[in-house]
Amino acid sequence: MKIIFMGTPEFAVPALTKLINSNHKVVAAFTQPPKAKGRGLSETKSPIHQLADEAQIPVYTPTTLRNEEAANLINNIDADIIVVIAYGFIIPQNILDAKKYGCLNIHPSDLPRHRGAAPLQRTIIEGDKTSSVCIMQMDAGLDTGDILMKEDFDLPKKITLQELHDKCANLGAELLIKTLANIDKIVPKPQSNEGVTYTHKLTKEEGRVNWQDSAFSINCKVRGMNPWPGVYFKYNDKTIKILEAEYSDEEHNFTPGTIINKNLEIACGKGILMIKKLQQEGKKVLNIEEFLRGFKTPVINKVQ
């Protein structure tokens, strides 16, 4: 099968790698234009751009697909299907319909739960116990297309965002190959109208701890928002970012936000948050033992 691949970040790399090493032929790769990075502001190609270059796949970097030029470009590429994974641009209907098998997408959540821009982060932030990877036939809606293949899995209690990212990227790549091999036999399954949720992009403001929340909820945020935007609190007008934590459901009578002992354990609306790794603004990352050597605070103090 001849494939146009559309993707940009590391999440899309396992799928393109699988396709390159399969009996299919990737005839073109579309990705976000190179971006200026670093002190010298040199242009850096996306991970998909770099991989496609290595595999000698023609690469296209339009700034939009919503014009006649992009439509003509895609129409003139001889392909059977378009695979879209974290591309970063909306795909207009004329391109969704441009090829025989339309456009397929890998979505890392249990659709229709966590449609939208941040499914991986929200899966962890919401404390989900299970998740899925779906191969979806794209339509004009936001992650509303029929499901062609799906695999469910349990989530370890301490799973990090990077671990979930890697698992879904690799599992999605495997499911994509299986889907392409059986595409003429698969009966598309419409998504349920129940249990629909949408995820928006994270903001820096969401990372600030609300100590009225449960310790469980705050710990989920720590795992789901690392590295960005990061979960943080204020102490003596300084920002401290929590990079790793554990929690206890132990009952207490402290006001939420109270530092209850010299190990920097903090009372929450329910339970206690035990910080294990953190970073003070302008300082390097420290584990809790290293941090406490230079951190003097009386017990029964408040953070914000």
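Cβ atoms here come from the backbone N, Cα and C positions, even for glycine.
Model, not experiment: these values are computed from the prediction.
So that you can see what the record holds, here are the features copied from Swiss-Prot:
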- SER109, ASP110, LEU111, PRO112: (6S)-5,6,7,8-tetrahydrofolate binding site (BINDING)
Report the same-chain neighbours of ASP110 ((6S)-5,6,7,8-tetrahydrofolate binding site): residues 6+ apart in sequence with Cβ closer than 8 Å to its Cβ, ordered by sequence. ASP128, THR130, SER131, SER132, CYS134, ASP152
Taking the Cβ of SER109 ((6S)-5,6,7,8-tetrahydrofolate binding site) as the centre, how many other Cβ atoms fall within a 10 Å radius? 23
Hey, which of the binding-site residues LEU111, PRO112 is the loneliest by Cβ count within 10 Å? PRO112
